Amino acid sequence: MTVPVRGFSLLRGRLGRAPALGRSTAPSVRAPGEPGSAFRGFRSSGVRHEAIIISGTEMAKHIQKEIQRGVESWVSLGNRRPHLSIILVGDNPASHTYVRNKIRAASAVGICSELILKPKDVSQEELLDVTDQLNMDPRVSGILVQLPLPDHVDERTICNGIAPEKDVDGFHIINIGRLCLDQHSLIPATASAVWEIIKRTGIQTFGKNVVVAGRSKNVGMPIAMLLHTDGEHERPGGDATVTIAHRYTPKEQLKIHTQLADIIIVAAGIPKLITSDMVKEGAAVIDVGINYVHDPVTGKTKLVGDVDFEAVKKKAGFITPVPGGVGPMTVAMLLKNTLLAAKKIIY
């Protein structure tokens, strides 16, 4: 049996009827822990009037096991073990934390990695020299430059300095262009994470209304491209009707759109941008936001998303937490891209 949530099941009801993704039929999604469950990464309080909380941490563990099997199968055939090179500039604590997590995750799935540290005053030319060397190194499968970069370095120039076939962040102009043309490409990891959450959870997209709050070229735009494009193209999309909001969208206008949305994806970097009155009953809410705010209770800094989680979870059908939602999935999709790059499946 499927899990009823506020008057509809995981596969039928307010989020629509099967087929689920594109024009294909979604696998059955059962209650957490039920035999035959498509994915067991949901956490539910057992109170049916609250949203199903999608654990990106648990889903990422499942994907990393898939990647680990893929890596070992690839190596067992006599191929070179995938190798990820990470370039980190400066001493931003958050960037160092993100990189440590990526290196740890790579090791867990059997991917070799190396960290190339550069001071914050490194020149753009020196960074391009580093990417050139890595591009030509046959042992390197994937390259990423941890963002943000110092103000004197143009991020787009550096991202385009990475060979498209090794661009595991998916930021090169060729990968972005192929994504926009519905062709196979190395997809930006955060956008891929959101898409994977939607697919594996069984959330319907075909013909549905989606709001993406945030239009960055690395996150918001790729998410919108994945969701609105044709499900029968070379790189299938979600066949959804997508509205993109941004910093100049008036709050009341945003509210009009979100109240009609079956799926709300928030990547604006504004704490509590999405409140419960902006969400319709049973909508799926995916929070990509990363914000550090002062916690008046503990007196410490805490990580929150862009959604008023405690209030919205009482109204939504699905919701991702921060932390523990899109973040772990982004790392998993980065590792998946590294394996794809090593196997030269795209290029």
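Using N, Cα and C of the backbone, Cβ positions are placed for all residues, glycine too.
What Swiss-Prot records for this protein:
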type	residues	note
BINDING	Tyr98, Val99, Arg100, Asn101, Lys102, Val145, Gln146, Leu147, Pro323, Gly324, Gly325, Val326, Gly327	substrate binding site
BINDING	Gly214, Arg215, Ser216, Arg247	NAD(+) binding site
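On the structure: features taken from Swiss-Prot.
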residue: Tyr98; record: substrate binding site; Cβ neighbours (10 Å): 19
residue: Arg100; record: substrate binding site; Cβ neighbours (10 Å): 12
residue: Gln146; record: substrate binding site; Cβ neighbours (10 Å): 19
residue: Gly214; record: NAD(+) binding site; Cβ neighbours (10 Å): 23
residue: Arg215; record: NAD(+) binding site; Cβ neighbours (10 Å): 18
residue: Ser216; record: NAD(+) binding site; Cβ neighbours (10 Å): 16
residue: Arg247; record: NAD(+) binding site; Cβ neighbours (10 Å): 10
residue: Pro323; record: substrate binding site; Cβ neighbours (10 Å): 14
residue: Gly325; record: substrate binding site; Cβ neighbours (10 Å): 28
residue: Gly327; record: substrate binding site; Cβ neighbours (10 Å): 24
Check: same-chain CB within 8 A of NAD(+) site center, minus Gly214, Arg215, Ser216, Arg247: Ala213, Val219, Gly220, Ile244, Ala245, His246, Ala267, Ala268
Which value in Å gives the longest Cα to Cα span across the substrate site residues Tyr98, Val99, Arg100, Asn101, Lys102, Val145, Gln146, Leu147, Pro323, Gly324, Gly325, Val326, Gly327 as recorded? 23
I want to verify one value. Collapsing DSSP to three states, which class is Lys102 (substrate binding site)? helix
Taking Cα atoms as reference points, rank the binding-site residues Tyr98, Lys102, Pro323, Gly327 by distance from Ser216 (NAD(+) binding site) and give the first. Gly327
When you measure from the Cβ of Lys102 (substrate binding site), which residues in the chain that are at least 6 apart have a Cβ under 8 Å away? Leu84, Ile86, Ser113, Leu144, Val331, Leu334
Rounded inter-Cα distance in Å - Arg100 (substrate binding site), Gly214 (NAD(+) binding site): 27
Over all pairs in Gly214, Arg215, Ser216, Arg247, the listed NAD(+) binding residues, work out the largest Cα-Cα distance in Å. 11
At the Cα level, what's the spacing in Å between Tyr98 (substrate binding site) and Arg215 (NAD(+) binding site), rounded? 22
